Amino acid sequence: MSCTIPIVVVSSLIFAKVITKETEAQLSTYSKAGQIAQEVFSSLRTVLSFNGSKCQQKQYEKELKLNEWCTVRKGAAFGAFNGWLFFINFLVYSIGFTFGSILMSYGNHRTLTISEILVIVNMFAQALGYLNNIGPFFQSISEAQGAAVSVFRLIDEVHDENINEREILQENISNDRFISNINGDIEFDNVSFSYPSRENATALNNLKLIARANQTTALVGSSGCGKSTCVSLLLRYYEPSSGTIMIDGQSITNHKIKQFRQNIGVVSQEPILFGISIYENIRFGNMNATREEIEQAAEQANAHKFIMKLPNKYETLVGERGIQLSGGEKQRIALARALIKQPSILLLDEATSALDYVSERIVQEALDRACKNRTTIVIAHRLTTIQNADYIYVLDKGSVIEEGTHETLLAKEGGKYQTMVKMQQSVKTIGTQDGLMNMAKAVAEDEEQLLERVRLLSENETIDINQRSSISTRRKSIFVRLMKMNSPEWMFILIGCLACLFGGLRGPVFSILFAKIINEFNNCKYTDIHRRVLVTSSLFILIGALFMILHFFQYVTFGIAGAKLVSRIRSKAFACFLRQEVAYFDRPENSSGAICNQLSSNAAAIEDMAGTRLGVICETLSLSVFGCLFGFFYNWELTIIIAIAFVIILIGVIIDIRLSSWLKTQSDLIYSQASTLAVEVITNMRTVKQLSMENEVLRQYSNMIDQILIMFWRSEALFAMVCGLYWSMSPLTLGLLYWRALILVENNELDMSDVVMISAFGMFALELLKVVGMLGKRIGASFAAAHAFFDLFDRIPTIDNESNKGQELTNFSGETEFNQVKFMYPTRSAVLVLNKLQLSIKSGQRIALVGASGCGKSTIVHLLERFYNVTHGQLILDGVDIRQLNLQWLRSRLGVVSQEPVLLDLTIAENISYGLENISIDEIILAATKANIHEFIQQLPLGYETKVGVKGSFLSGGEKQRIAIARVLIRRPKILLLDEATSAMDPYNEQIVQETLDQAQIEDPSRTSIIIAHRLSTIRSCDLIHVLEMGRIVESGTHTELIQKGGIYYTMLNTQNNVQ
């Protein structure tokens, strides 16, 4: 029998390798689908605006198909492995009994007894049987191995020898936080650089520039000229391809990364705040800062006063991405976070370009104070903000083309800087003193508005938008619903069930053969033993081969059914998530990280209820039913003992399922938070690195995982007790069985051969039931996961993004009316954003909406896109209530360009034509040309087939914005919505794109344009300008009319000119 050991070992190694490989492929293919899901739900408003849901659904399902077949192949490998082990098990019995009969018949071992043969054969066969029983758990081990491959690959990844980020987690900056000898002299010495993802495109070309210590140096130039690249290299996100960056005459590579970054403060155009308190957000700049230092930094950033007016002051939660604060407030907190470092170097990357006139003045004053006595590098498109810089460099195509002070550069006739300044010349100042006085009043009103907003929010009066489930899934059998979803695979399930049905005969057949062979050993003559036993042993091999084939088919068919079901659930869940209204995603528990966790982990857990493990359960049930019938046929008393053991184990299984279901539900809440944190950190990785937050976010993440571990440790005590029950039932049952059998045999009520058969079956069945019992944990987790999905499937969204219902207007003109509209965001129902708004827009008009942050401008755009329904009043398009219109049709008639353009990880051509079908490359080129991005695209090695990276990370802000504009122009929208569409552009491109947008209006005079702008100089030509305040219109008129009125618009214009 020992000859089977090498066979088992070698075959196990081969199968393990195959299964691990297929598991790795399965995880790898789903990771691509997961990336699509993450990108879609983190950019949901863009996807919905451009009707990209169907496109994304197809991409997701395409990756699911690849994942599906990897799962099937893995199931087939498991089936072959487990079937092979079953065959080997039967083979061991055959070899053992055959060789034993030879020794007894022909050898010198006539003294060898059947008891000795049974001990040896049973011990060896049971050892293989245990190996066979761990098959379902071996599947889990292989899945873990496959998952670990990518994890270990990431851990072992070779890092740049100069940028070893791994050292950051090992550096202890608490004892040596700062590099004390930094003065701040910065020099770029012939620095060249190309991004790793675009090696053929040069970002910096032999750049030479110097920023003197304690002086302000400005970098200006068109989009893509290399300004932001300088900041990235200085922060050591990348290493230069050639040349050297020096601090105080030494290469920056001589300093430890973490300590070096702690000496640099960064304030960018789009400040990133995390969903925690104001205090914690500022403290991220210096984890060792005292409260006094944090408040001092806030005062320097001009933020302390407005923070102290809040009900919870520094403990006020800012919300996800700082959603509870206005742009100016976020920017001031970001500045405080930078200043708490007490940095030697301050980097300002378009720090005020996205702010309204009130916030800009406040932040600019704070920045002016912050720049004193430290090296400051300013990147700016608005040249009025850098007039007082000590030195200015003008960049173009990665090199310096002009340098000097503002005065000297302005004196260069025909120079690049002079041209840029002329482009930005705006209206002259009108009454500066009055403007400043009115601005102070506006600041006070803005802060009072924030105070009221947060006070109302603190009352926690929110609408539970998740309560709209029309049917409670607890009223229906989850298992039945899963089987209904799996009904298209009924043929595979039927074949699998038949394989399980016949596979259930394995126990009774084995018991009969076992009893028969024992009887032959006991009752035959020595000379006949070998011949009789050889026939029965051959049946062992035959039956083993038959059950091996049945087992293979069982795993393959259930594997196909399970893989199809999981793909179907993921696909349906993906579609259901896309159907939900935008307000659903405003809640933290429905963040993109939480959704991706559900699509990945929860869907995979359902496979335990419908995949190969379901086959094991069905086979065991079949075996139990056949066994009980078989047992009652021979002796009902012994069969009842086994049946009682079955019931006890079944009770243990139910306990396991209920406990694991509860544990899955509770742990998913924490996993969801951990996933949200991970997504937030990875999405904002540059901010994390720049603030040296790696250790802190790792600590937070570890704490969440530790909570789950503690929860599992406590529950494992109960699981261990139940598991002990499973393992104790086998010897207890067999003991009772033998005790009662002996009594029956002594009373001549039962034949000894019947005792052997029933005992053999009992031992066989109990071993399988133990396996099913230990699978109870996985089954319980599957029920919890399925419940969460069915809650999603049954939820009725308030605005169905995929609905085909509603009117499609044949001659849509774009005439729009807001009739006494009131609106409150569903997750902030105490805050009245629009208050009886009355606004009429005629077809073909160009109207502008202006006002301070939080006045309701962007909300108007959201309502037009029907991300939300109005709370009260009516929004009417061409005389029809917007709620009566077909949603897909409506959004196809709108074109939106937002302040922060979102591009998807597709090619440039795919981004421009996103959401459209049958678009030719000529149409794409035409739209790109109009948006002044065509020449840039042509310079790229792959042209329009160039991937833009996640969120367009391979492109500069201006390049992204122009592609976003091309994406809108190609749609020829009837209503054009421009939300600060040119704020991120340099003067040259801003002028060109502004002309393009103006030309778009000329090409289609009936096109309605709604423009949201902070820079009032960009809206002077609009037909009508509406000034909003506290959610209502307070002034309306043309630019000239509003100036003549001398009201709020007049004050805003004065203030903005004074800032410039």
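Even glycines carry a Cβ here, placed using N, Cα and C.
Per TrEMBL, the features are:
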DOMAIN    1-143  domain 'ABC transmembrane type-1'
DOMAIN    186-422  domain 'ABC transporter'
DOMAIN    494-781  domain 'ABC transmembrane type-1'
DOMAIN    816-1055  domain 'ABC transporter'
SIGNAL    1-20  signal peptide
TRANSMEM  83-106  transmembrane segment
TRANSMEM  490-518  transmembrane segment
TRANSMEM  538-563  transmembrane segment
TRANSMEM  640-659  transmembrane segment
TRANSMEM  717-740  transmembrane segment
TRANSMEM  752-769  transmembrane segment
Between the transmembrane segment (538-563) and the transmembrane segment (83-106), do 3 or more CB pairs sit under 8 angstroms, pairs being 6 or more residues apart? yes
Stretch among 1-143, 186-422, 494-781 sharing the most Cβ pairs under 8 Å with the domain 'ABC transporter' (816-1055): 186-422
Would you report the average pLDDT that the model assigns to the domain 'ABC transporter' (816-1055)? 85
When secondary structure is assigned with DSSP, how many helix, strand and coil residues does the domain 'ABC transmembrane type-1' (1-143) contain? 128 helix, 0 strand, 15 coil
